[in-house]
Amino acid sequence: SGWLLMLLIGLLSGSLAGLIDISAHWMTDLKEGICTEGFWFNHEHCCWNSQQVTFEDRDKCPEWNSWSQLIINMDEGAFAYIVNYFMYVLWALLFAFLAVSLVKVFAPYACGSGIPEIKTILSGFIIRGYLGKWTLIIKTITLVLAVSSGLSLGKEGPLVHVACCCGNILCHCFNKYRKNEAKRREVLSAAAAAGVSVAFGAPIGGVLFSLEEVSYYFPLKTLWRSFFAALVAAFTLRSINPFGNSRLVLFYVEFHTPWHLFELVPFILLGIFGGLWGALFIRTNIAWCRKRKTTQLGKYPIIEVLIVTA
């Protein structure tokens with residue numbers, strides 16, 4: 001039953017990740033315009049037939065209409081720019097408002113990335129409802145809305161929370177894991193690996209993340225099951241092909257030339273600078289979070305999110 005559970009976790013996590021990627025891509029393009037051939041097409045898929053390859057030509061395809069074309073029948077000029085800008089901000093505010101409202105009203109546990117709480121749960125603490133069905137539904141919907149709003153956030157951390165929700169819910173289908181908290185935490189470790197796998201397209205990286213960062217108990221059998229769940233999740237996401245390029249991630253780099261030894265020097269300097277900058281960022285972020293709790297704006301999360309989005 002353990003391997004079957006890993007299979008189900010991988011399939012469900014990969015499917016939800018593909019749904020989130022496709023929906024977020026479509027809603028992000030919705031802020032700029034709509035496809036006259038079918039509103040369910042994003043910008044790239046709408047212009048796929050008319051312009052096959054280049055990005056520059058893709059923006060001029062007749063099937064895609066900006067909001068200024070639809071509202072005032074103009075695509076150039078200052079007034080058209082103002083209309084497009086207004087609609088872009090309006091959609092962004094709407095997405096952000098819906099995201100924060102759904103979380104505040106229906107599932108407060110769906111806020112944030114969820115990784116610190118996952119680590120707490122895996123250490124033995126019990127948070128009732130944090131990995132429940134309602135949290136999974138609201139987290140999936142609001143993750144799409146938050147990413148589409150244009151806020152400076154990503155879906156990588158929340159995907160770990162989504163995958164762990166899938167693992168916890170599926171545990172109730174097996175008596176072995178429903179009644180045993182220790183066994184369930186082994187499943188959650190594997191689910192965390194699946195979440196990182198679909199977030200970055202890296203099954204091995206997901207296993208290492210679960211082993212090094214979130215898990216407190218990680219036996220050998222959990223290692224192999226985590227890898228299996230991460231592999232199934234990545235394969236499912238690749239089969240869905242949310243970006244239309246057979247890639248698991250939106251941005252990728254292809255290396256066509258070998259590296260040279262002298263290139264290690266700037267990379268060493270870059271690593272030192274990154275470490276120092278990361279330490280400064282963490283300290284600044286902690287100080288800001290403490291200060292934010294004492295401000296009046298922090299007491300009104302919906303207004304705060306709308307101001308940041310605007």
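Cβ atoms are placed via backbone N, Cα and C, with glycine included.
For 1-17, the entry in TrEMBL reads signal peptide.
Feature annotation from TrEMBL assigns transmembrane segment to 85-110 (among others). Residues 27, 30-32, 67-68, 71, 117, 127, 129-130, 132, 134-135, 137-139, 141-142, 145-146, 148-151, 161, 301-302, 305-306, 308-310 of the same chain lie 6 or more positions beyond the ends of the transmembrane segment (85-110) yet place their CB under 8 Å from a CB of it.
Cβ atoms under 8 Å from those of the transmembrane segment (131-153) belong to residues 16, 19-20, 23-24, 27-28, 30-31, 92-93, 95-96, 98-100, 102-103, 106-107, 109-110, 114, 121, 159, 161-162, 164-169, 188, 305, 308-309 of the same chain, restricted to positions at least 6 beyond its ends. The transmembrane segment feature in TrEMBL is assigned to 131-153 (among others).
If you look up TrEMBL, you'll see 159-175 (among others) marked as transmembrane segment.
The transmembrane segment annotation in TrEMBL covers 187-211 (among others).
Per TrEMBL, the feature transmembrane segment maps to 261-282 (among others).
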Residue numbers, six or more beyond the limits of the transmembrane segment (159-175), whose CB comes under 8 Å of its CB atoms: 1, 5, 8-9, 12-13, 16-17, 20, 110, 113-115, 117-118, 121, 131-133, 135-136, 139-140, 143, 184, 187-188, 190-192, 194-196, 198-199, 214, 233
